[in-house]
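Notes follow the structure.
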Amino acid sequence: SGDLVSGTLGSALLSEFGTEIVIPICAVIGIVFSLVQWYLVSLVKLSPDQGGCSPRNNKNNGFNESLVEEEEGINDQNVVVKCAEIQNAISEAVLCVLISSFRELHLSQQCLSEPVSLPPEGQHPSFSLNISTWVSSWLLLQSWIFVFLGTVEGFSTKSQPCTYNKEKMCKPALATAIFSTISFLRGAVTSVVSGFLGMKIATYANTRTTLEARKGVGKAFITAFRSGAVMGFLLAANGLLVLYITINLFKLYYGDDWEGLFEAITGYGLGGSSMALFGRVGGGIYTKAADVIADNVGDNVGDIAGMGSDLFGSYAESSCAALVVASISSFGMDHDFTAMCYPLLISSMGILVCLITTLFATDFFEIKAVKEIEPALKNQLIISTALMTVGIAIVTWTCLPSSFTIFNFGTQKVVKNWQLFLCVAIGLWAGLIIGFVTEYYTSNAYSPVQDVADSCRTGAATNVIFGLALGYKSVIIPIFAIAIAIFVSFTFAAIDNAGGIAEMAGMSHRIRERTDALDAAGNTTTAIGKGFATGSAALVPLALFGAFVSRASISTVDVLTPEVFIGLIVGAMLPYWFSAMTMKSVGSAALKMVEEVRRQFNTIPGALVMLTPLIVGIFFGVETLSGVLAGALVSGVQIAISASTTGGAWDNAKKYIEAGASEHARTLGPKGSEPHKAAVIGVTIGDPLKDTSGPSLNILIKLMAVESLVFAPFLATHGGILFKIF
């Protein structure tokens, strides 16, 4: 590694004091804005006695728009009450499954193994939430972190020469073990809270969106969008604030030892990802439960709570990886706090940009027709990307010196601030391209999904063939976008950038049509979100991989050496193994599925993810582990993109037939026709792909990478037992 030599030229315009103010203020702004959005959603009341939607008590829920029921001569005063009952039932069930998911899916039999139905009037369902198994598993993982990292220097309490500058003394390895365990705990708690808050606002807003659909698709869109903004801003702001506070608290002990400080911070990303895995997989599995409410439960846990934890994990991991690399570069050596906080300042700017972008959707423009929903969502991506590009430029030029060095495989590479700007910007625009490609292949407004729907004329077999082909084809452009982003980043800087409720309540079919339109757009939006998550699953692990090889003192990763090559092929196999297990979990009937999931997740998948890096590193060494990580990254990203896109396309092909919005769609319908039956089979196959296997692979790749980074000191010191013997 050698000694570090300062390469910083010039100084940042933003002072350290300014950085200490800007980051927490932006985080607080995000939290306050999310609470305002939550309050606006809450204005849609569910109780007729509190000025709610009942036409008898408060006409049109306090607005002057005519309701669908009034236009059709219907005066059902129980609609709001039914919606409230549905929300209560779903909320209770989701809470049960969410907690069960986060404790290795060890389900209470009362959760979903018995049918969940609407409670009798005046009663609410209750579930037993024994969390002892979850706590035990959590404490076990924390114990691993402490024991393995503590043994690096034999639990010594004496200061040791720094890894990258032998002339300086750094804090003992035991301190890294303790503080890594603490940061893991903070990351795990923040991940759980992010998922829980997202689930809470989703169940809170579901019925309110349905009620607003009685007055038009525009009102329903605003309610749905604001509820999504609540989760987004809480996730980003909480993650930023907790990470920033953790860094400053750890600084009280570490002082000038930034190498040890930011090595300990990596536990934050591991905690976030480990919790995300169970929420993501668990929610995808329960989406397939037979009962209608159970399906809503799975959607909330998988697509919302799981997605929230997943995206939080991506944020935490990318930030931690950037901080580790920066700490052993000129930023850390010169103790330039503003430059060190560059990833956090980028996130702070992102909160402000997204705040402005949200107002475009909810306040500046109005949705008046169903066909305007998807364009409005697409405009959100374009506006936010354009504004964020400007924001990145501002942060780069005000927070970074004109020239600095970045640690690159044992050497220091001189980098200009404009080069780092290009690295971040290219990753931002690569994400936009991935989002648009995902939308093209999953939206029923474009030919790929329409072709899949048309293939249903000749039966389920051709539907499956067309869907799989679409998924394979959808991989091409995202992989090129990711490859270009990686090439540019390494060239310049040697781094990587970082409707069921309406039907259950007995509402008009016109309301169902409006909620279905939002649902179809939501499926596309979810697929886009999964596209972004998959993009991050390629780029974030690459950043973690760079941090891992740096921390493990690996100078090169040569695939021609047997140690690396065997790791490469084994790593490429892991995503297939993991996908097979998750797909098998959702392949059983609803009641048998519960037992199958309990058995599998207590014995196989969780162990596969968490133990693989440790087993490979301990017995075969860090070089083989680097090959495993590379192989899992390369194959996992391809499978994740294909699985998510295929499942989304099958789902929207069915909705395309059911909606009958075009002459072509009407020739395939209506519900119950042979093409529709074939489309339903496609959805049955696609749900485990898009809700479980695809999204879970993102977490598999990132979790293995961040776990390897956290345990890198132990593996570099004690790993490779078999190769040492033979």
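Numbers run from 1 along the shown chain.
Positions of Cβ are set from backbone N, Cα and C atoms, glycine also.
Per TrEMBL, the feature transmembrane segment maps to 21-41 (among others). Below 8 angstroms of C-beta separation, residues 14, 201, 204-205, 208, 223, 226-227, 229-234, 236-238, 240-241, 244, 341, 344-345, 347-349, 351-352, 355, 358 of the same chain, each at least six residues beyond the ends of the transmembrane segment (21-41), sit close to that stretch.
Among the features that TrEMBL reports, transmembrane segment is placed at 131-152 (among others).
Residues annotated as transmembrane segment in TrEMBL: 172-199 (among others).
Positions annotated as transmembrane segment by TrEMBL: 220-247 (among others). With a threshold of 8 Å between CB atoms, the same-chain residues lying at least 6 positions outside the transmembrane segment (220-247) that come near it are 23-24, 26-31, 33-35, 37-38, 40-41, 44, 183, 186, 190, 193-194, 197-198, 201-202, 204-205, 208-210, 212-213, 261-262, 265, 268, 272, 304, 308, 311-312, 315-316, 319, 323, 341, 344, 347-348, 350-351, 354-355, 358, 361-362, 367, 373, 376, 514-515, 518, 522.
Away from its own ends, the transmembrane segment (340-361) comes close to residues 14, 19, 22-23, 26-27, 29-30, 33, 37, 222, 225, 229, 232-233, 236-237, 239-240, 243-244, 258, 315, 318-319, 322-323, 326-327, 331-332, 376-377, 379-380, 383-384, 387-388, 391-392, 394-396, 399-400, 420, 424, 498 of its chain (Cβ-Cβ under 8 Å, at least six residues beyond either end). Taken from TrEMBL, the feature transmembrane segment applies to 340-361 (among others).
Counting only same-chain residues 6+ beyond the ends of the transmembrane segment (381-400), those with a CB under 8 A from a CB of the stretch are 12-14, 19, 338-339, 341-342, 345-346, 349-350, 352-354, 356-357, 360, 417-418, 420-421, 424-425, 428-429, 431-432, 435-436, 528. Feature annotation from TrEMBL assigns transmembrane segment to 381-400 (among others).
What TrEMBL lists as transmembrane segment is 420-441 (among others).
What TrEMBL records for 475-495 (among others) is transmembrane segment.
Counting same-chain residues at least six beyond the ends of the transmembrane segment (532-552), those with a Cβ under 8 angstroms from any Cβ of the stretch are 163, 263, 266, 269, 307, 310-311, 314, 317-318, 320-322, 324-325, 328, 407, 409, 427, 430-431, 434-435, 478, 481-482, 485-486, 495-498, 622, 626, 629-630, 633, 636-637, 640-641, 644, 694-695, 697-699, 701-702, 704-706, 708-709, 712-713, 715-716. Feature annotation from TrEMBL assigns transmembrane segment to 532-552 (among others).
If one looks beyond the transmembrane segment (564-583) by at least 6 residues along the same chain, the residues whose Cβ comes under 8 Å of a Cβ in the stretch are 281, 284-285, 557-558, 600, 604-605, 608-609, 612, 616, 620, 623-636, 639-640, 643, 688-689, 692-693, 696-697, 700-701, 704. What TrEMBL records for 564-583 (among others) is transmembrane segment.
According to TrEMBL, the feature transmembrane segment maps to 604-622 (among others). Proximity of distant same-chain residues to the transmembrane segment (604-622), defined by a Cβ-Cβ separation under 8 Å and at least 6 residues beyond the stretch ends, is recorded for 104, 137, 141, 144, 148, 274, 277-278, 281, 548-549, 552, 554, 563, 566-567, 570, 574, 577-578, 581-582, 628-629, 699-700, 703-704, 707-708, 711-712, 714-716, 718-723.
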Outside the transmembrane segment (475-495), six or more residues from its ends: residues with CB under 8 Å to it
322, 325, 406, 408-409, 413, 415, 419-420, 422-423, 426-427, 430, 433-434, 437-438, 531, 534-535, 538-539, 542-543, 546, 637-638, 641-642, 645
